[in-house]
Amino acid sequence: MKNILKVFNTMILALIIIIATFSNTANAADSGTLNYEVYKYNTNDTSIANDYFNKPAKYIKKNGKLYVQITVNHSHWITGMSIEGHKERIISKNTAKDERTSEFEVSKLNGKIDGKIDVYIDEKVNGKPFKYDHHYNITYKFNGPSDVAGANAPGKDDKNSASGSDKGSDGATTGQSESNSSNKDKVENPQTNAGTPAYIYAIPVASLALLIAITLFVRKKSKGNVE
């Protein structure tokens, strides 16, 4: 009887370890960090806005959808952002550092993704009065894992084109304008999401069934009903 109980306890401990290991593996695969760059819209040229984006970003997969969390500095200059038509959801702010972290729903973690940014500056920059008010398209180049798929579909943005020339407070063009376009590029079809692997759900069920079987066996053995 003592030997049976030892085997029973050992198997229970093993099941707990297996379940914990698979759960941690699944969670680890559903979040992480990714490096990225901000390009001028529909080009491979680095945008002037790139320096205002802290790297790396963080990605999360939840409920079958992909999200990236991006932190910007000079936060009060950046009055609005969107990625694939999905507006930012601010999740944290650091007033002292003038930073904020925003979450966006995305269709993939690797490759180019279109976004928009609104910038408004009306203060002294390098000791001189400076005024800058612009809304323009940009392209994010994500360098994250390509094997993490989501079911996300690009959202619809109410503005498809950027505004006119960037101008400083003296009315002269600043030379910092981004490439503007009124035509939307086609967005790649997101990969079909397979959801959480089936074995993640199967393991607890199989473990429970095994636990019940062992319990019944031990009870029968203690009563002398096992042949």
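Each Cβ is built from the backbone N, Cα and C atoms, and glycine gets one as well.
Since the structure is predicted, the reported quantities are computational estimates derived from the model, not experimental observations.
The signal peptide annotation in Swiss-Prot covers 1-28 and is backed by sequence analysis.
If you look up Swiss-Prot, you'll see 29-150 marked as domain 'NEAT'.
Residues or ranges marked as heme binding site in Swiss-Prot (evidence: similarity to another entry): SER47, ILE48, TYR132, TYR136.
The region 'Disordered' annotation in Swiss-Prot covers 149-191.
What Swiss-Prot lists as compositional bias 'Low complexity' is 161-172.
What Swiss-Prot records for 173-182 is compositional bias 'Polar residues'.
According to Swiss-Prot, the motif 'NPQTN sorting signal' annotation covers 189-193, on the basis of similarity to another entry.
Residues annotated as pentaglycyl murein peptidoglycan amidated threonine in Swiss-Prot, with similarity to another entry given as evidence: THR192.
Other Cβ atoms within 10 Å of the Cβ of SER47 (heme binding site), summed over all protein chains shown, number 23. Within 10 Å of the C-beta of TYR132 (heme binding site) there are 17 other C-beta atoms, taking all protein chains into account. In this structure the residues listed as binding heme are SER47, ILE48, TYR132, TYR136; their two most distant Cα atoms lie 16 Å apart. TYR136 (heme binding site): 22 other CB atoms within 10 A of its CB, across all protein chains.
In the shown protein chains, 16 other C-beta atoms lie within 10 A of the C-beta of ILE48 (heme binding site). In the predicted structure, the domain 'NEAT' (29-150) carries a mean pLDDT of 95.
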